[in-house]
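**Student:** Positions annotated as transmembrane segment by TrEMBL: 12-31, 43-66, 78-96, 133-150, 156-174, 186-207, 219-238, 250-273, 279-300. The domain 'Sugar phosphate transporter' annotation in TrEMBL covers 23-297. If you look up TrEMBL, you'll see 304-335 marked as region 'Disordered'.
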Amino acid sequence: MTPSSKADKKAAIDIAAWTFNIVTSVGIIIVNKALMASYGFTFATTLTGLHFVTTTLMTFVLRWLGYIQPSHLPIRDLLKFVVFANFSIVGMNVSLMWNSVGFYQIAKLSMIPVSCLLEVAFDKIRYSRDTKLSILTVLLGVAVCTVTDVSVNTKGFVAAVVAVWSTALQQYYVHHLQRKYQLSSFNLLGHTAPIQAGSLLLAGPFVDYWLTNKRVDAFNYDAATLLFLFLSCTIAIGTNLSQFICIGRFTAVTFQVLGHMKTILVLTLGFIFFGREGLNLHVVFGMIIAILGMIWYGNASSKPGGKERRSHSLPKTNQLKKDSLLQTSDSDDKV
């Protein structure tokens with residue numbers, strides 16, 4: 001296969017992966033919003049546990065069909081990942097409850113610099129000036145779109161810090177574990193989903209009662225609620241899988257930067273389906289800035305030196321061998 005055809009194939013798969021992630025992520029937001037706002041099912045942690053139950057069932061079926069091959073993930077790394085992932089879920093829910101919407105959005109935006117810091121510290125990644133400026137442009141645009149009132153208290157600030165760092169670490173480890181142990185997205189989900197499902201279903205009802213003062217077992221489950229629960233859990237399979245695929249193919253930073261396209265899309269769909277409320281000139285201006293920043297980031301980070309690992313004074317022959325191996329490895333491609 002020629003280099004150009006390999007590049008075209010990779011680009012096509014990358015676009016498909018991002019499209020899959022955007023469609024499932026926006027879809028689950030709309031379904032969950034209806035489930036919580038219209039039908040009163042506000043048990044977010046338990047709902048996430050149910051999402052991982054259906055994802056676990058999907059991995060069992062794929063393993064039975066032979067699409068998931070036996071693989072190894074040390075229990076220490078597995079438990080570390082699950083702790084980060086579960087703290088991320090609970091931390092985000094608590095942060096949203098204890099903070100204003102404005103500060104919650106600022107906390108979400110701070111995941112990008114935190115993810116950059118993790119890549120610099122652990123992977124020795126070096127960013128070019130254009131890549132850094134493009135990230136700042138995306139942050140500015142999304143902030144203009146979404147940040148309104150900003151108020152914070154001590155416990156809300158602590159919750160936000162826990163949420164941001166645990167989410168950034170969880171997304172970093174998705175990419176790290178896939179590369180370290182040569183795991184596909186299906187394999188990694190097969191290892192992590194069952195433990196996340198069990199732990200969240202055990203802790204979820206207690207966390208949700210603490211957050212809402214309501215019991216999930218006392219909820220009135222009518223036919224409409226069960227239908228939306230089924231839709232939410234079904235879409236969650238695609239959301240979980242597409243997240244692992246995207247972070248595995250790219251990095252946590254790229255996933256965060258381009259992931260804000262979903263924020264823009266949700267705002268736009270809200271305008272289309274729910275009228276002009278909330279859409280004004282400064283929101284449109286912020287959208288334009290964010291989209292231009294994403295285009296700039298994609299261009300800047302893909303250029304030589306835009307985003308690369310720092311080399312450490314290797315002998316010239318060894319460095320040439322390493323470069324040759326990197327060029328022939330599809331799994332090391334980055335955006």
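Using the three backbone atoms N, Cα and C, a Cβ is placed for every residue, glycine included.
Automatic, uncurated: that is what TrEMBL annotation is.
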**Student:** What stretch of 78-96, 156-174, 250-273 shows the most Cβ pairs under 8 Å to the transmembrane segment (12-31)?
**Tutor:** 250-273
**Student:** Who are the chain neighbours of the transmembrane segment (133-150) in space, where the CB to CB distance is under 8 Å and they lie at least 6 residues beyond its ends?
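**Tutor:** For the transmembrane segment (133-150), the nonlocal Cβ contacts are 100-103, 105-106, 109, 112-113, 116, 127, 253, 257, 260, 263-264, 267, 282-283, 285-294, 296-297, 299-301.
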**Student:** I need to check the long-range neighbours of the transmembrane segment (186-207): which residues 6 or more away from its ends have a CB within less than 8 Å of a CB in the stretch?
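**Tutor:** 43, 45-50, 52-53, 55-56, 58-59, 62-63, 67-69, 71, 73, 78-79, 81-82, 85-86, 89-90, 93, 174, 177-178, 215-217, 240-241, 244, 248.
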**Student:** Other than its close neighbours in sequence, what residues sit by the transmembrane segment (250-273), given a CB gap under 8 Å and a spacing of at least six beyond its ends?
**Tutor:** 14, 18, 21-22, 25-26, 29-30, 111-112, 115-116, 118-119, 125, 134-135, 138, 142, 145-146, 168, 171-172, 174-175, 243, 279, 283, 287, 290-291, 293-294, 297-298, 301, 334-335
**Student:** Looking at 43-66, 156-174, 219-238, which one has the highest count of Cβ pairs under 8 angstroms to the transmembrane segment (78-96)?
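**Tutor:** Between the stretches 43-66, 156-174, 219-238, 156-174 has the largest tally.
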**Student:** Near the transmembrane segment (156-174), which residues from the same chain, at least 6 beyond its ends, have a CB less than 8 A from one of its CBs?
**Tutor:** 77, 80-81, 84-85, 87-88, 91-92, 94-95, 98-99, 103-104, 107-108, 110-111, 114-115, 118-119, 122, 188, 243-244, 247-248, 252, 255-256
